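S.K.: Dropping the structure in here first, questions after.
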Amino acid sequence: MLQSKVYTALMAKKTLLNAKDIHIILHRLACQLIENHNDFNNTVLIGLQPRGIFLANRLTEILQNDYKISNIKLGQLDITFYRDDFRRREEPLAASNTSIDFIVEDKNVVIIDDVLFSGRSVRSALTAIQSFGRPESIELLVLIDRRFSRHLPIQPNYKGRQVDAINSEKVKVSWLENDKKDAVYLLSNN
Amino acid sequence: MKALSTDHLLGIKYLKKEDINLIFETADHFKEVINRPIKKVPSLRDITIANLFFENSTRTKLSFELAEKRLSADIINFSAGQSSVKKGETLIDTVNNILSMKVDIVVMRHPNVGAGVFLSKHVNARIINAGDGAHEHPTQALLDSYSIREKLGSVKGKKIVIIGDILHSRVALSNIFALQLQGAKVKICGPTTLIPKFITSLGVEVETNLKKALEWCDVANVLRVQHERMDIKYFPSIREYTQLFGIDKALLDSLGKKIVIMHPGPINRGVEITSDVADSDQSIILNQVENGVAIRMAVIYLLAQQIKK
(Lines of atoms letter the chains of each structure in order from A and count residues from 1; the text may use other names and numbers.)
(Lines give C-alpha, C1' and ligand atoms only; values in the text may rest on other atoms or scores of the structure.)
Protein backbone atom coordinates (compact mmCIF):
# COMPACT_ATOMS: atom_id res chain seq x y z
CA MET A 1 0.00 0.00 0.00
CA LEU A 2 2.76 2.38 1.03
CA GLN A 3 4.79 1.39 -1.95
CA SER A 4 1.93 2.10 -4.34
CA LYS A 5 1.42 5.52 -2.75
CA VAL A 6 5.06 6.45 -3.34
CA TYR A 7 4.77 5.08 -6.85
CA THR A 8 1.69 7.19 -7.42
CA ALA A 9 3.37 10.35 -6.14
CA LEU A 10 6.22 10.03 -8.62
CA MET A 11 3.94 9.62 -11.59
CA ALA A 12 2.01 12.07 -13.73
CA LYS A 13 -1.70 11.67 -13.11
CA LYS A 14 -4.39 12.17 -15.74
CA THR A 15 -8.08 11.76 -14.99
CA LEU A 16 -9.72 9.40 -17.45
CA LEU A 17 -13.14 9.26 -15.80
CA ASN A 18 -14.69 11.47 -13.15
CA ALA A 19 -17.47 10.61 -10.70
CA LYS A 20 -20.22 11.61 -13.15
CA ASP A 21 -18.72 9.51 -15.97
CA ILE A 22 -18.50 6.54 -13.64
CA HIS A 23 -22.11 7.04 -12.51
CA ILE A 24 -23.34 6.95 -16.11
CA ILE A 25 -21.17 3.97 -17.01
CA LEU A 26 -22.32 1.95 -13.98
CA HIS A 27 -25.96 2.51 -14.93
CA ARG A 28 -25.24 1.48 -18.52
CA LEU A 29 -23.47 -1.69 -17.34
CA ALA A 30 -26.39 -2.47 -15.02
CA CYS A 31 -28.84 -2.09 -17.91
CA GLN A 32 -26.70 -4.31 -20.14
CA LEU A 33 -26.71 -6.96 -17.43
CA ILE A 34 -30.51 -6.74 -17.15
CA GLU A 35 -30.80 -7.03 -20.94
CA ASN A 36 -28.99 -10.37 -20.86
CA HIS A 37 -30.00 -11.75 -17.49
CA ASN A 38 -33.61 -10.51 -17.03
CA ASP A 39 -34.57 -11.05 -13.40
CA PHE A 40 -31.22 -12.65 -12.42
CA ASN A 41 -33.00 -15.85 -11.42
CA ASN A 42 -30.24 -18.05 -12.73
CA THR A 43 -27.40 -15.54 -12.54
CA VAL A 44 -24.76 -14.89 -9.91
CA LEU A 45 -22.31 -12.00 -9.68
CA ILE A 46 -18.76 -12.66 -8.49
CA GLY A 47 -16.49 -9.75 -7.60
CA LEU A 48 -12.77 -10.48 -7.74
CA GLN A 49 -10.68 -9.63 -4.68
CA PRO A 50 -9.22 -7.26 -3.85
CA ARG A 51 -10.45 -4.41 -6.11
CA GLY A 52 -13.24 -5.93 -8.17
CA ILE A 53 -15.53 -6.16 -5.16
CA PHE A 54 -16.14 -2.39 -5.09
CA LEU A 55 -17.48 -2.47 -8.65
CA ALA A 56 -19.52 -5.61 -7.89
CA ASN A 57 -21.04 -4.01 -4.78
CA ARG A 58 -21.87 -0.82 -6.67
CA LEU A 59 -23.55 -2.65 -9.53
CA THR A 60 -25.53 -4.76 -7.06
CA GLU A 61 -26.75 -1.61 -5.27
CA ILE A 62 -27.83 -0.04 -8.57
CA LEU A 63 -29.60 -3.22 -9.70
CA GLN A 64 -31.40 -3.50 -6.36
CA ASN A 65 -32.26 0.14 -5.70
CA ASP A 66 -32.73 1.68 -9.13
CA TYR A 67 -33.97 -1.31 -11.10
CA LYS A 68 -35.74 -3.17 -8.25
CA ILE A 69 -34.12 -6.53 -8.83
CA SER A 70 -34.42 -8.20 -5.47
CA ASN A 71 -32.75 -11.59 -5.75
CA ILE A 72 -29.19 -10.71 -6.70
CA LYS A 73 -26.68 -13.29 -5.55
CA LEU A 74 -23.29 -11.68 -4.99
CA GLY A 75 -20.07 -13.37 -4.01
CA GLN A 76 -16.43 -12.44 -3.54
CA LEU A 77 -13.68 -14.58 -4.98
CA ASP A 78 -10.01 -14.46 -4.02
CA ILE A 79 -7.70 -15.89 -6.67
CA THR A 80 -4.38 -15.78 -4.78
CA PHE A 81 -4.03 -19.56 -4.57
CA TYR A 82 -4.81 -19.96 -8.28
CA ARG A 83 -2.32 -17.42 -9.66
CA ASP A 84 0.27 -18.57 -12.17
CA ASP A 85 3.04 -16.39 -10.69
CA PHE A 86 3.37 -18.13 -7.30
CA ARG A 87 7.11 -18.13 -6.37
CA ARG A 88 7.84 -15.95 -9.40
CA ARG A 89 7.13 -12.62 -7.75
CA GLU A 90 9.54 -10.56 -5.69
CA GLU A 91 6.91 -9.71 -3.08
CA PRO A 92 4.68 -12.44 -1.65
CA LEU A 93 0.96 -11.83 -2.06
CA ALA A 94 -1.51 -11.80 0.79
CA ALA A 95 -4.75 -13.63 0.23
CA SER A 96 -8.15 -11.99 0.77
CA ASN A 97 -11.47 -13.48 1.80
CA THR A 98 -13.57 -15.62 -0.45
CA SER A 99 -17.24 -15.68 0.35
CA ILE A 100 -19.50 -17.55 -2.02
CA ASP A 101 -22.42 -18.91 -0.04
CA PHE A 102 -24.25 -20.36 -3.01
CA ILE A 103 -23.57 -23.10 -5.54
CA VAL A 104 -22.56 -21.93 -9.02
CA GLU A 105 -23.54 -25.27 -10.59
CA ASP A 106 -25.62 -24.60 -13.73
CA LYS A 107 -25.68 -20.85 -13.02
CA ASN A 108 -24.74 -18.02 -15.32
CA VAL A 109 -21.75 -16.44 -13.63
CA VAL A 110 -20.67 -12.84 -14.23
CA ILE A 111 -17.09 -12.25 -13.07
CA ILE A 112 -16.53 -8.61 -12.16
CA ASP A 113 -13.18 -6.81 -11.93
CA ASP A 114 -12.10 -3.19 -12.14
CA VAL A 115 -9.31 -3.33 -14.75
CA LEU A 116 -8.64 -5.97 -17.40
CA PHE A 117 -4.95 -5.92 -18.25
CA SER A 118 -3.01 -9.12 -19.00
CA GLY A 119 -6.01 -11.38 -18.46
CA ARG A 120 -4.09 -13.55 -16.01
CA SER A 121 -6.29 -12.71 -13.03
CA VAL A 122 -9.35 -13.64 -15.03
CA ARG A 123 -7.67 -16.88 -16.10
CA SER A 124 -7.07 -17.66 -12.42
CA ALA A 125 -10.66 -16.77 -11.61
CA LEU A 126 -11.93 -19.13 -14.31
CA THR A 127 -10.03 -21.96 -12.60
CA ALA A 128 -11.01 -20.87 -9.09
CA ILE A 129 -14.72 -20.67 -9.84
CA GLN A 130 -14.72 -24.35 -10.80
CA SER A 131 -14.14 -25.20 -7.13
CA PHE A 132 -17.72 -24.09 -6.53
CA GLY A 133 -19.29 -26.19 -9.28
CA ARG A 134 -19.70 -26.20 -13.07
CA PRO A 135 -21.39 -23.00 -14.21
CA GLU A 136 -23.73 -22.94 -17.19
CA SER A 137 -21.79 -19.99 -18.58
CA ILE A 138 -19.25 -17.42 -17.44
CA GLU A 139 -19.15 -13.80 -18.57
CA LEU A 140 -16.70 -11.04 -17.75
CA LEU A 141 -17.55 -7.47 -16.78
CA VAL A 142 -14.84 -4.84 -16.31
CA LEU A 143 -14.86 -1.11 -15.76
CA ILE A 144 -11.66 -0.52 -17.72
CA ASP A 145 -10.47 -2.66 -20.61
CA ARG A 146 -6.81 -1.99 -21.39
CA ARG A 147 -6.60 -2.93 -25.02
CA PHE A 148 -3.39 -4.31 -26.57
CA SER A 149 -2.02 -5.51 -23.22
CA ARG A 150 -3.42 -9.03 -23.12
CA HIS A 151 -1.18 -12.04 -22.49
CA LEU A 152 -4.07 -14.47 -22.91
CA PRO A 153 -7.05 -14.78 -25.27
CA ILE A 154 -9.55 -13.26 -22.82
CA GLN A 155 -12.02 -10.48 -23.69
CA PRO A 156 -14.75 -8.82 -21.64
CA ASN A 157 -18.47 -9.24 -22.38
CA TYR A 158 -19.25 -5.90 -20.76
CA LYS A 159 -16.85 -3.02 -20.46
CA GLY A 160 -17.13 0.47 -19.03
CA ARG A 161 -14.42 2.17 -21.03
CA GLN A 162 -11.68 1.00 -23.33
CA VAL A 163 -8.28 2.52 -22.61
CA ASP A 164 -5.22 2.43 -24.81
CA ALA A 165 -2.20 2.73 -22.57
CA ILE A 166 1.38 1.61 -22.88
CA ASN A 167 2.73 -1.03 -20.51
CA SER A 168 4.66 1.39 -18.28
CA GLU A 169 1.48 3.33 -17.61
CA LYS A 170 -0.88 2.33 -14.85
CA VAL A 171 -4.64 2.65 -14.70
CA LYS A 172 -5.93 3.21 -11.19
CA VAL A 173 -9.59 3.03 -10.26
CA SER A 174 -10.47 4.99 -7.15
CA TRP A 175 -13.73 4.27 -5.29
CA LEU A 176 -15.57 6.62 -2.97
CA GLU A 177 -15.95 3.97 -0.27
CA ASN A 178 -12.27 3.07 -0.24
CA ASP A 179 -10.29 5.94 -1.76
CA LYS A 180 -12.59 8.90 -0.91
CA LYS A 181 -13.46 9.66 -4.53
CA ASP A 182 -14.92 8.01 -7.62
CA ALA A 183 -12.42 8.44 -10.45
CA VAL A 184 -10.21 6.60 -12.91
CA TYR A 185 -6.67 7.85 -13.41
CA LEU A 186 -3.95 7.15 -15.92
CA LEU A 187 -0.57 7.29 -14.19
CA SER A 188 2.59 7.62 -16.27
CA ASN A 189 6.30 8.16 -15.70
CA ASN A 190 7.42 11.58 -16.87
CA MET B 1 4.16 -8.90 6.99
CA LYS B 2 3.49 -11.34 4.20
CA ALA B 3 6.40 -13.78 4.57
CA LEU B 4 7.69 -15.94 7.40
CA SER B 5 10.88 -14.83 9.17
CA THR B 6 12.26 -18.36 8.94
CA ASP B 7 13.19 -20.78 6.13
CA HIS B 8 12.09 -23.88 8.04
CA LEU B 9 9.54 -24.77 10.68
CA LEU B 10 11.76 -26.51 13.19
CA GLY B 11 10.02 -25.47 16.38
CA ILE B 12 7.85 -22.76 17.87
CA LYS B 13 10.88 -21.32 19.68
CA TYR B 14 12.28 -20.21 16.32
CA LEU B 15 9.11 -18.30 15.41
CA LYS B 16 8.09 -14.72 16.10
CA LYS B 17 4.62 -13.62 17.11
CA GLU B 18 4.13 -12.11 13.64
CA ASP B 19 4.92 -15.50 12.07
CA ILE B 20 2.15 -17.10 14.10
CA ASN B 21 -0.29 -14.35 13.11
CA LEU B 22 0.60 -14.78 9.44
CA ILE B 23 0.15 -18.56 9.67
CA PHE B 24 -3.27 -18.07 11.33
CA GLU B 25 -4.45 -15.52 8.76
CA THR B 26 -3.37 -17.81 5.93
CA ALA B 27 -5.01 -20.79 7.65
CA ASP B 28 -8.30 -18.83 7.78
CA HIS B 29 -8.28 -18.71 3.98
CA PHE B 30 -7.39 -22.38 3.68
CA LYS B 31 -10.11 -23.33 6.12
CA GLU B 32 -12.57 -21.71 3.73
CA VAL B 33 -10.95 -23.63 0.85
CA ILE B 34 -11.31 -27.03 2.55
CA ASN B 35 -15.00 -26.39 3.08
CA ARG B 36 -15.68 -25.82 -0.62
CA PRO B 37 -17.30 -28.46 -2.84
CA ILE B 38 -13.86 -28.89 -4.46
CA LYS B 39 -11.30 -28.61 -1.69
CA LYS B 40 -8.16 -28.11 -3.70
CA VAL B 41 -6.05 -25.22 -4.99
CA PRO B 42 -3.31 -25.47 -7.61
CA SER B 43 -0.69 -23.29 -5.84
CA LEU B 44 1.98 -25.94 -5.23
CA ARG B 45 1.69 -27.94 -8.44
CA ASP B 46 5.43 -27.58 -9.11
CA ILE B 47 6.53 -28.42 -5.56
CA THR B 48 7.50 -31.90 -4.37
CA ILE B 49 7.28 -32.82 -0.71
CA ALA B 50 8.78 -35.83 1.04
CA ASN B 51 7.10 -37.06 4.21
CA LEU B 52 9.76 -38.84 6.20
CA PHE B 53 8.39 -40.63 9.23
CA PHE B 54 11.11 -42.31 11.27
CA GLU B 55 8.56 -42.86 14.00
CA ASN B 56 4.97 -44.06 13.91
CA SER B 57 2.27 -41.55 13.21
CA THR B 58 -1.30 -41.80 12.01
CA ARG B 59 -3.12 -38.51 12.26
CA THR B 60 -0.16 -36.17 11.78
CA LYS B 61 0.92 -38.08 8.69
CA LEU B 62 -2.60 -38.16 7.27
CA SER B 63 -3.09 -34.50 8.07
CA PHE B 64 0.17 -33.48 6.36
CA GLU B 65 -0.59 -35.68 3.36
CA LEU B 66 -4.04 -34.24 2.97
CA ALA B 67 -2.75 -30.67 3.36
CA GLU B 68 -0.13 -31.31 0.67
CA LYS B 69 -2.67 -32.86 -1.68
CA ARG B 70 -5.12 -30.00 -1.15
CA LEU B 71 -2.33 -27.66 -2.29
CA SER B 72 -1.66 -29.86 -5.37
CA ALA B 73 1.92 -30.72 -4.37
CA ASP B 74 3.50 -33.98 -5.49
CA ILE B 75 4.28 -36.13 -2.50
CA ILE B 76 6.40 -39.12 -1.62
CA ASN B 77 6.08 -41.03 1.61
CA PHE B 78 8.68 -42.83 3.57
CA SER B 79 8.39 -44.85 6.76
CA ALA B 80 11.47 -45.96 8.60
CA GLY B 81 10.04 -49.42 9.14
CA GLN B 82 10.36 -50.38 5.48
CA SER B 83 13.54 -48.53 4.61
CA SER B 84 17.30 -48.67 4.33
CA VAL B 85 17.56 -47.09 7.79
CA LYS B 86 17.25 -50.66 8.97
CA LYS B 87 20.23 -51.52 6.75
CA GLY B 88 22.47 -48.97 8.47
CA GLU B 89 22.09 -45.86 6.30
CA THR B 90 22.67 -42.49 8.03
CA LEU B 91 19.97 -39.81 8.20
CA ILE B 92 21.86 -37.42 5.90
CA ASP B 93 22.43 -40.15 3.33
CA THR B 94 18.80 -41.21 3.41
CA VAL B 95 17.59 -37.65 2.99
CA ASN B 96 20.14 -36.68 0.35
CA ASN B 97 19.14 -39.72 -1.69
CA ILE B 98 15.56 -38.58 -1.52
CA LEU B 99 16.49 -34.99 -2.33
CA SER B 100 18.37 -36.01 -5.46
CA MET B 101 14.93 -36.89 -6.79
CA LYS B 102 14.30 -33.10 -6.70
CA VAL B 103 12.36 -32.66 -3.50
CA ASP B 104 11.68 -29.12 -2.28
CA ILE B 105 10.24 -29.64 1.21
CA VAL B 106 10.86 -32.35 3.78
CA VAL B 107 8.30 -33.07 6.50
CA MET B 108 10.06 -35.16 9.11
CA ARG B 109 9.17 -36.97 12.30
CA HIS B 110 12.11 -38.44 14.13
CA PRO B 111 12.58 -40.06 17.57
CA ASN B 112 15.71 -37.96 18.27
CA VAL B 113 15.57 -34.43 19.66
CA GLY B 114 16.96 -31.85 17.23
CA ALA B 115 16.81 -34.09 14.16
CA GLY B 116 15.07 -31.35 12.17
CA VAL B 117 17.62 -28.68 13.14
CA PHE B 118 20.46 -31.06 12.25
CA LEU B 119 18.92 -31.82 8.88
CA SER B 120 18.28 -28.17 8.06
CA LYS B 121 22.00 -27.49 8.39
CA HIS B 122 23.06 -30.30 6.09
CA VAL B 123 20.54 -30.60 3.28
CA ASN B 124 19.21 -28.21 0.71
CA ALA B 125 15.47 -28.32 1.35
CA ARG B 126 12.91 -26.62 3.57
CA ILE B 127 12.34 -28.71 6.69
CA ILE B 128 9.09 -28.99 8.60
CA ASN B 129 9.40 -30.69 11.96
CA ALA B 130 6.49 -33.09 12.46
CA GLY B 131 7.77 -34.07 15.90
CA ASP B 132 11.32 -34.68 17.16
CA GLY B 133 11.49 -36.91 20.22
CA ALA B 134 10.15 -35.22 23.34
CA HIS B 135 11.21 -31.82 22.00
CA GLU B 136 8.82 -29.98 19.68
CA HIS B 137 5.77 -30.60 17.53
CA PRO B 138 5.21 -27.13 16.12
CA THR B 139 2.24 -27.74 13.80
CA GLN B 140 0.31 -29.37 16.66
CA ALA B 141 0.92 -26.34 18.89
CA LEU B 142 -0.11 -24.01 16.07
CA LEU B 143 -3.35 -25.88 15.44
CA ASP B 144 -4.05 -25.97 19.19
CA SER B 145 -3.64 -22.19 19.49
CA TYR B 146 -5.61 -21.68 16.29
CA SER B 147 -8.46 -23.79 17.73
CA ILE B 148 -8.42 -21.75 20.96
CA ARG B 149 -8.48 -18.52 18.91
CA GLU B 150 -11.40 -19.87 16.89
CA LYS B 151 -13.37 -20.92 19.98
CA LEU B 152 -12.58 -18.02 22.34
CA GLY B 153 -11.77 -15.20 19.93
CA SER B 154 -8.14 -14.85 20.94
CA VAL B 155 -5.33 -16.57 22.82
CA LYS B 156 -4.03 -13.47 24.57
CA GLY B 157 -4.83 -13.38 28.28
CA LYS B 158 -6.44 -16.82 28.29
CA LYS B 159 -5.56 -19.35 30.96
CA ILE B 160 -4.55 -22.74 29.64
CA VAL B 161 -3.68 -25.80 31.66
CA ILE B 162 -1.81 -28.69 30.07
CA ILE B 163 -2.62 -31.92 31.89
CA GLY B 164 -0.87 -35.26 31.90
CA ASP B 165 2.44 -36.70 30.77
CA ILE B 166 4.48 -33.54 30.27
CA LEU B 167 7.82 -35.33 30.57
CA HIS B 168 7.46 -37.30 27.34
CA SER B 169 5.44 -34.71 25.46
CA ARG B 170 6.65 -32.61 22.55
CA VAL B 171 3.11 -31.27 22.28
CA ALA B 172 3.41 -29.76 25.77
CA LEU B 173 6.70 -27.99 25.07
CA SER B 174 5.61 -26.54 21.73
CA ASN B 175 2.30 -25.49 23.26
CA ILE B 176 4.03 -23.69 26.13
CA PHE B 177 6.20 -21.73 23.68
CA ALA B 178 3.28 -20.92 21.36
CA LEU B 179 0.84 -19.92 24.09
CA GLN B 180 3.35 -17.72 25.92
CA LEU B 181 4.37 -16.03 22.67
CA GLN B 182 0.74 -15.07 22.18
CA GLY B 183 0.30 -13.77 25.71
CA ALA B 184 -1.56 -16.65 27.35
CA LYS B 185 -0.98 -17.88 30.90
CA VAL B 186 0.07 -21.51 31.11
CA LYS B 187 -0.10 -24.02 33.96
CA ILE B 188 1.06 -27.60 33.97
CA CYS B 189 -0.78 -30.34 35.84
CA GLY B 190 0.16 -33.98 36.29
CA PRO B 191 1.94 -36.47 38.55
CA THR B 192 5.24 -34.97 39.76
CA THR B 193 7.09 -37.90 38.22
CA LEU B 194 5.79 -36.89 34.79
CA ILE B 195 6.68 -33.21 35.09
CA PRO B 196 10.22 -32.28 34.07
CA LYS B 197 12.28 -30.72 36.86
CA PHE B 198 13.14 -27.55 35.01
CA ILE B 199 9.73 -26.81 33.54
CA THR B 200 9.23 -23.80 35.85
CA SER B 201 12.25 -22.14 34.23
CA LEU B 202 9.99 -21.67 31.18
CA GLY B 203 7.74 -19.44 33.25
CA VAL B 204 4.91 -21.91 33.76
CA GLU B 205 3.36 -22.81 37.08
CA VAL B 206 2.93 -26.38 38.25
CA GLU B 207 -0.31 -27.50 39.89
CA THR B 208 -0.63 -31.06 41.10
CA ASN B 209 -4.30 -30.77 42.11
CA LEU B 210 -6.44 -31.36 39.04
CA LYS B 211 -9.58 -29.73 40.42
CA LYS B 212 -7.71 -26.54 41.34
CA ALA B 213 -6.09 -26.46 37.90
CA LEU B 214 -9.46 -26.83 36.16
CA GLU B 215 -11.07 -24.17 38.32
CA TRP B 216 -8.30 -21.76 37.31
CA CYS B 217 -8.30 -22.36 33.57
CA ASP B 218 -10.31 -21.36 30.49
CA VAL B 219 -8.95 -24.25 28.43
CA ALA B 220 -7.71 -27.70 29.46
CA ASN B 221 -5.40 -29.40 26.98
CA VAL B 222 -5.36 -33.04 28.03
CA LEU B 223 -2.44 -35.21 27.00
CA ARG B 224 -2.14 -38.97 26.74
CA VAL B 225 0.09 -41.01 29.00
CA GLN B 226 2.80 -42.20 26.64
CA HIS B 227 3.34 -45.74 27.90
CA GLU B 228 5.52 -46.58 24.89
CA ARG B 229 8.10 -44.00 25.97
CA MET B 230 8.23 -45.16 29.57
CA ASP B 231 11.06 -47.48 30.44
CA ILE B 232 10.29 -47.36 34.15
CA LYS B 233 7.07 -47.01 36.16
CA TYR B 234 6.19 -43.36 36.74
CA PHE B 235 2.99 -43.98 38.71
CA PRO B 236 1.60 -46.98 40.57
CA SER B 237 -1.30 -47.87 38.27
CA ILE B 238 -3.47 -46.55 35.45
CA ARG B 239 -6.42 -46.76 37.84
CA GLU B 240 -4.69 -44.45 40.28
CA TYR B 241 -3.72 -42.06 37.47
CA THR B 242 -7.34 -41.90 36.34
CA GLN B 243 -8.56 -41.23 39.86
CA LEU B 244 -6.14 -38.35 40.34
CA PHE B 245 -5.77 -36.88 36.85
CA GLY B 246 -8.65 -38.28 34.78
CA ILE B 247 -11.39 -35.82 33.79
CA ASP B 248 -14.98 -37.04 33.96
CA LYS B 249 -18.31 -35.29 33.45
CA ALA B 250 -19.01 -34.97 37.17
CA LEU B 251 -15.73 -33.11 37.69
CA LEU B 252 -16.38 -30.90 34.67
CA ASP B 253 -19.90 -30.04 35.83
CA SER B 254 -18.69 -29.25 39.36
CA LEU B 255 -16.53 -26.34 38.12
CA GLY B 256 -19.32 -23.78 37.89
CA LYS B 257 -18.07 -22.59 34.49
CA LYS B 258 -17.71 -24.03 31.02
CA ILE B 259 -14.09 -24.69 30.18
CA VAL B 260 -12.90 -25.83 26.76
CA ILE B 261 -11.52 -29.37 26.49
CA MET B 262 -8.76 -30.17 24.01
CA HIS B 263 -6.78 -33.31 23.27
CA PRO B 264 -4.15 -33.81 20.57
CA GLY B 265 -5.07 -37.50 20.23
CA PRO B 266 -4.89 -40.40 20.27
CA ILE B 267 -7.31 -40.49 23.22
CA ASN B 268 -7.19 -43.26 25.79
CA ARG B 269 -10.87 -43.09 26.63
CA GLY B 270 -11.50 -43.78 30.30
CA VAL B 271 -7.91 -43.00 31.29
CA GLU B 272 -7.12 -39.28 30.97
CA ILE B 273 -10.61 -38.35 29.82
CA THR B 274 -13.98 -40.13 29.80
CA SER B 275 -16.07 -40.58 26.67
CA ASP B 276 -18.82 -38.23 27.79
CA VAL B 277 -16.23 -35.46 28.25
CA ALA B 278 -14.46 -36.16 24.96
CA ASP B 279 -17.78 -36.09 23.09
CA SER B 280 -19.35 -33.19 25.03
CA ASP B 281 -20.14 -29.77 23.58
CA GLN B 282 -17.22 -28.35 25.56
CA SER B 283 -14.78 -30.53 23.63
CA ILE B 284 -13.15 -29.12 20.48
CA ILE B 285 -11.13 -32.25 19.77
CA LEU B 286 -12.54 -32.80 16.28
CA ASN B 287 -12.23 -29.10 15.43
CA GLN B 288 -8.53 -29.48 16.25
CA VAL B 289 -8.27 -32.23 13.64
CA GLU B 290 -10.01 -30.14 10.96
CA ASN B 291 -7.91 -27.10 11.81
CA GLY B 292 -4.78 -29.25 11.58
CA VAL B 293 -5.20 -29.56 7.82
CA ALA B 294 -5.73 -25.79 7.39
CA ILE B 295 -2.72 -24.95 9.59
CA ARG B 296 -0.46 -27.39 7.76
CA MET B 297 -1.62 -26.03 4.40
CA ALA B 298 -0.73 -22.53 5.62
CA VAL B 299 2.72 -23.55 6.87
CA ILE B 300 3.56 -25.45 3.68
CA TYR B 301 2.20 -22.66 1.46
CA LEU B 302 4.17 -19.96 3.27
CA LEU B 303 7.43 -21.94 3.24
CA ALA B 304 6.97 -22.88 -0.42
CA GLN B 305 6.42 -19.23 -1.27
CA GLN B 306 10.01 -18.53 -0.29
CA ILE B 307 11.50 -21.17 -2.60
CA LYS B 308 12.72 -19.23 -5.60
CA LYS B 309 12.28 -20.54 -9.11
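Start at 1 and count along the chain as shown; that gives each residue its number.
Including glycine, each Cβ sits where the backbone N, Cα and C put it.
Annotations in TrEMBL come from automatic prediction, not curation.
The model shown is predicted, which means the values in this text are computed figures rather than measured ones.
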S.K.: Per TrEMBL, what member of B:ARG109, B:ARG229 joins B:ARG59, B:THR60, B:HIS137, B:GLN140, B:GLY265, B:PRO266 in binding carbamoyl phosphate at one site?
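M.R.: Of B:ARG109, B:ARG229, B:ARG109 joins B:ARG59, B:THR60, B:HIS137, B:GLN140, B:GLY265, B:PRO266 in the carbamoyl phosphate site that TrEMBL records.
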S.K.: Cα within 10 Å of B:ARG224 (L-aspartate binding site) is the criterion; apply it to the binding-site residues B:ARG59, B:GLN140, B:GLY265, B:PRO266 and give the hits in sequence order.
M.R.: B:GLY265, B:PRO266
S.K.: Averaging the per-residue pLDDT over the domain 'Aspartate/ornithine carbamoyltransferase carbamoyl-P binding' (B:8-150), what integer do you get?
M.R.: 92
S.K.: With an 8 Å cut-off on Cβ distance to the B:ARG59, B:THR60, B:ARG109, B:HIS137, B:GLN140, B:GLY265, B:PRO266 Cβ center, who else from the chain surrounds the carbamoyl phosphate site?
M.R.: B:SER57, B:THR58, B:SER63, B:ALA130, B:GLY131, B:VAL171, B:PRO264
S.K.: For the C-alpha pair, I'd like the distance in angstrom between B:ARG59 (carbamoyl phosphate binding site) and B:ARG170 (L-aspartate binding site), rounded off.
M.R.: 15
S.K.: Using a Cβ cut-off under 8 Å and a sequence separation of 6 or more, which residues in the same chain sit near B:HIS137 (carbamoyl phosphate binding site)?
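M.R.: Looking at Cβ-Cβ distances below 8 Å from B:HIS137 (carbamoyl phosphate binding site), excluding near sequence neighbours, one finds B:THR60, B:ASN129, B:ALA130, B:GLY131, B:ARG170, B:VAL171, B:SER174.
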S.K.: Taking DSSP three-state, what's B:ARG109 (carbamoyl phosphate binding site) in: helix, strand or coil?
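M.R.: B:ARG109 (carbamoyl phosphate binding site) sits in a strand per DSSP.
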S.K.: Which whole-number value in Å describes the distance between the Cα atoms of B:LYS87 (L-aspartate binding site) and B:ARG109 (carbamoyl phosphate binding site)?
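M.R.: For B:LYS87 (L-aspartate binding site) versus B:ARG109 (carbamoyl phosphate binding site), the Cα atoms are 19 Å apart.
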S.K.: List, in sequence order, the same-chain residues at least six positions removed whose CB sits under 8 Å from that of B:GLN140 (carbamoyl phosphate binding site)?
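M.R.: Counting only residues 6 or more apart in sequence, the Cβ neighbours of B:GLN140 (carbamoyl phosphate binding site) under 8 Å are B:THR60, B:GLY131, B:ARG170, B:VAL171, B:SER174, B:ASN175, B:PRO264, B:GLY292.
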